[in-house]
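Chemist: Before I ask anything, let me first share the structure, which is written out below as structure tokens.
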Amino acid sequence: MDRKVAVPEDGPPVVSWLPEEGEKLDQEGEDQVKDRGQWTNKMEFVLSVAGEIIGLGNVWRFPYLCYKNGGGAFFIPYFIFFFTCGIPVFFLEVALGQYTSQGSVTAWRKICPLLQGIGLASVVIESYLNIYYIIILAWALFYLFSSFTSELPWTTCTNTWNTEHCMDFLNHSGARTATSSENFTSPVMEFWERRVLGITSGIHDLGALRWELALCLLLAWLICYFCIWKGVKTTGKVVYFTATFPYLMLVILLIRGITLPGAYQGVIYYLKPDLLRLKDPQVWMDAGTQIFFSFAICQGCLTALGSYNKYHNNCYRDSIALCFLNSATSFAAGFVVFSILGFMAQEQGLPISEVAESGPGLAFIAFPKAVTMMPLSQLWSCLFFIMLIFLGLDSQFVCVECLVTASMDMFPSQLRKSGRRELLILAIAVFCYLAGLFLVTEGGMYIFQLFDYYASSGICLLFLAMFEVICISWVYGADRFYDNIEDMIGYRPWPLVKISWLFLTPGLCLATFLFSLSQYTPLKYNNIYVYPPWGYSIGWFLALSSMICVPLFVIITLLKTRGSFKKRLRQLTTPDPSLPQPKQHLYLDGGTSQDCGPSPTKEGLIVGEKETHL
């Protein structure tokens, strides 16, 4: 390989790497990369990642955690984890995908074959997410369709599904006494449990299939399929709408929320700092797990999306911007949620602690109840559930896309052919839909809670995050990875990122992981229903099935490799030689930088080709 310098008439000298005579480029490899596809532009990548990480948790989990854990004081542990775990691991996964141009499994296999189980574990978590996360979209679609009525069906107690215990608060506020309130239920709760879920007495009784929910689930899967069936070329176009539309809805709901009576009191409850809460280790655990949940860390999605970037894309700048965007969205969503909860508390004459909810309880009980108290309630109901649908939709189809990417990179000769991608997505969609039918039975809510509590729990994500940063910083080498990043973006990231990879992130993850185990409490539905022992066994199977991949594949790869233990260990911790190596740049002042070989660009390296921090 020879370095040649050309001096154009109207520009600076250009330095490129060209093959010497007789030296051939790997045409087959180029075709494979070309077939794999890339983002058309940076905005498609940014919006796709934003769509993945900014989801339902920003609206229904973060505001409640902030209120529950000391209001404004919660931001102290939150931002400690944000800078020491969130940004470093987020950037690590995106940079890994961009550097290797591979999905989650093959990226880790190329970096360190011994720890390829990290990628397989993320695929297991992705698979679980694809089965149960989309159920929320089915519920939201059901509520959206139910909102197109002259009167919202969860407003009154005169419907066929209501019981004699139903009490409409708005029309009978003076009829209920303190001694009898426990015997009554609200029309909102009865609509949720009796009309939507048809919930049974426990997981032992799954009951019949809720056909309306099954059809809503089918519609959700059809939308997801056609959003991604042609690869990143279609996904990149769809996210222009799906990732930005929720922000429009959020702004509209924010304006409406802060103009409601009682909104100010709700916001005060949301932000009022209680520094004494920082003494509680649970507050710190909630902050850490929220970072991992909301940043989609250890799910393989960031690696897969980063793998479609151009080699010299400034993924460092993108990662920092996306992390701040995610947290800012969570913060803004808190104003929407608590302004409306404050209004609802004032209307009912209740303390805000009695109306504050998180998770599905906020989306399908608290907020529907709030809109019944507003003028034009059907309009606000439609806007809210449309926002929920779009928040969940792009997270869902990006998650499916990442599973498809991982599969195609693992078996390129079989799957990267004409028409195979569409069939693979169809197979995944059909399988996940059929599996999801168990979650839209009358007892499906109990199964959904098991998936949500165990399959993608904070324990699983913390466990994988520890191995990710240990693999990159201690096995592959933090300095070596910094060299690779410098080769891609043109400069070395802030030293705190490397310090976090080496010490802070694994230390905090380990401490939070151990504390999570010590504070483990078995799942209870609505804090009342206790699962049978076999139900908890299913939950722990869901949790351990991902975590076991890491040690299991360490053992398998060691047993399959020949030679002494030391030789096998050295071989299995050696990166794939096909990975791009940092190259020697010729600078305009005649100096050179330390380097080893060409990077995988199609036209050669040109001075000024990289994005810079400027």
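Cβ coordinates are placed from backbone N, Cα and C, and glycine is handled just like the others.
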Chemist: Is it true that Swiss-Prot lists Trp39 and Ser147 on the same side of the membrane?
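Modeler: Checking Swiss-Prot: the two residues are separated by the membrane.
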Chemist: For the transmembrane segment (458-478), find every same-chain residue at least 6 residues outside the stretch whose CB is under 8 Å from a CB in it, and list them.
Modeler: 85, 88-89, 92-93, 96, 108, 111-112, 114-115, 118, 121-122, 125, 285, 288-289, 292-293, 297-299, 498, 500-502, 505-506, 509-510, 512-513, 516-517, 520, 543, 546-547, 550, 573, 575
Chemist: Does the transmembrane segment (291-308) make contact with the transmembrane segment (320-341) through 3 or more Cβ pairs under 8 Å, each pair 6 or more apart in sequence?
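Modeler: Between the transmembrane segment (320-341) and the transmembrane segment (291-308), which are separate recorded stretches, there is contact, as judged by 3 or more close Cβ pairs.
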Chemist: Tell me if the transmembrane segment (211-229) touches the transmembrane segment (45-65). I count contact as 3 or more CB pairs below 8 A, with pairs 6 or more residues apart.
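Modeler: By the criterion, they do not touch.
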Chemist: Can you give me the average pLDDT across the topological domain 'Cytoplasmic' (557-614), rounded to a whole number?
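Modeler: The average pLDDT of the model in the topological domain 'Cytoplasmic' (557-614) works out to 65.
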Chemist: Mind pulling out the one from 73-92, 117-137, 211-229 with the most Cβ pairs under 8 angstroms to the transmembrane segment (423-441)?
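Modeler: Out of the listed stretches, 211-229 contacts the transmembrane segment (423-441) most.
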Chemist: Out of 117-137, 211-229, 320-341, 499-518, 538-556, what stretch is closest in contact terms to the transmembrane segment (73-92), meaning most Cβ pairs under 8 angstroms?
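Modeler: Selected stretch: 499-518, with the most Cβ pairs under 8 Å.
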Chemist: Are there 3 or more C-beta pairs under 8 Å linking the transmembrane segment (117-137) with the transmembrane segment (538-556), counting only pairs at least 6 apart in sequence?
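Modeler: Between the transmembrane segment (117-137) and the transmembrane segment (538-556), which are separate recorded stretches, there is contact, as judged by 3 or more close Cβ pairs.
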Chemist: When you scan the chain for residues with a C-beta under 8 Å from the transmembrane segment (117-137), skipping those not six or more beyond its ends, what do you find?
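Modeler: Tertiary neighbours of the transmembrane segment (117-137) are 56, 103-109, 216-217, 220-221, 224, 298-301, 303, 360, 363, 388-389, 392-393, 395-396, 399-400, 402-403, 406, 428, 432, 435-436, 439-440, 444, 447-448, 451-452, 455-456, 460-461, 464, 467-468, 471, 542, 545-547, 549-554.
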